[in-house]
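Copied over from TrEMBL, here are the features:
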type     : residues : note
DOMAIN   : 6-132    : domain 'Ig-like'
DOMAIN   : 155-229  : domain 'Ig-like'
SIGNAL   : 1-20     : signal peptide
TRANSMEM : 257-278  : transmembrane segment
């Protein structure tokens with residue numbers, strides 16, 4: 001395995017005209033498959049050399065994975081990729097030289113080269129490909145907080161806040177006035193990195209209060225084509241609403257008074273009925289005594 005691998009491989013690149021290029025999107029912490037597929041005739045592993053390397057020639061160490069004559073060769077592999085790469089051995093003879101990269105992180109977000117050489121009478125490049133690995137992580141559902149309004153605050157400045165986290169890469173944050181779908185400039189936008197490489201975002205919006213406010217906060221992850229949003233809708237309590245509330249309270253008090261009157265009437269009727277029954281009983285007793 002040559003020490004000057006990038007220069008060695010570049011000599012063979014001149015022979016190959018077509019160069020495949022693919023973009024692979026993987027989530028942080030997942031395993032990513034870097035595709036490299038040769039659609040030619042049946043191959044014999046003992047005659048093959050497969051090299052995976054970082055495409056940037058300025059890297060001090062560029063070897064990601066190497067296979068020579070059907071065996072992995074780890075002598076020149078970069079420390080960063082130790083025990084994190086493997087080929088699909090059951091697919092190699094069918095021309096699938098894809099590489100499995102385990103537990104990807106931000107430092108793996110690079111352009112990679114796959115070069116396949118075949119040795120018969122002489123060594124020649126039979127296939128090469130480039131793969132761009134882009135990493136992403138979904139943001140959490142945004143939490144939108146708005147002002148609590150009491151009475152008529154139309155025209156006053158109010159503040160909304162929106163937060164989301166655990167995403168990658170840095171997001172785009174949009175504030176939207178849903179009454180006319182216009183975009184509003186944020187008053188504050190703070191993006192905080194975390195130790196695991198993800199980001200949290202916090203943004204505020206200051207606007208003049210209106211009688212009806214409908215505000216949306218949207219957090220966009222372009223790589224994953226995800227757009228998560230949260231909405232705030234609050235209608236100011238109108239004068240008629242206040243009057244309705246007063247009428248409701250008044251009606252409630254009236255109903256309460258009517259209930260008390262009804263109870264008094266029932267008690268009165270019971271008292272009258274009791275007196276009538278007592279008199280009836282008394283008259284019967286007097287009549288019985290007279291007969292004696």
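Cβ coordinates are placed from backbone N, Cα and C, and glycine is handled just like the others.
Heads up, TrEMBL stuff is auto-annotated, nobody curated it.
Look at the domain 'Ig-like' (155-229): DSSP puts its residues at 0 helix, 51 strand, 24 coil.
The DSSP breakdown of the domain 'Ig-like' (6-132) into helical (H, G, I), extended (E, B) and coil residues amounts to 20 helix, 53 strand, 54 coil.
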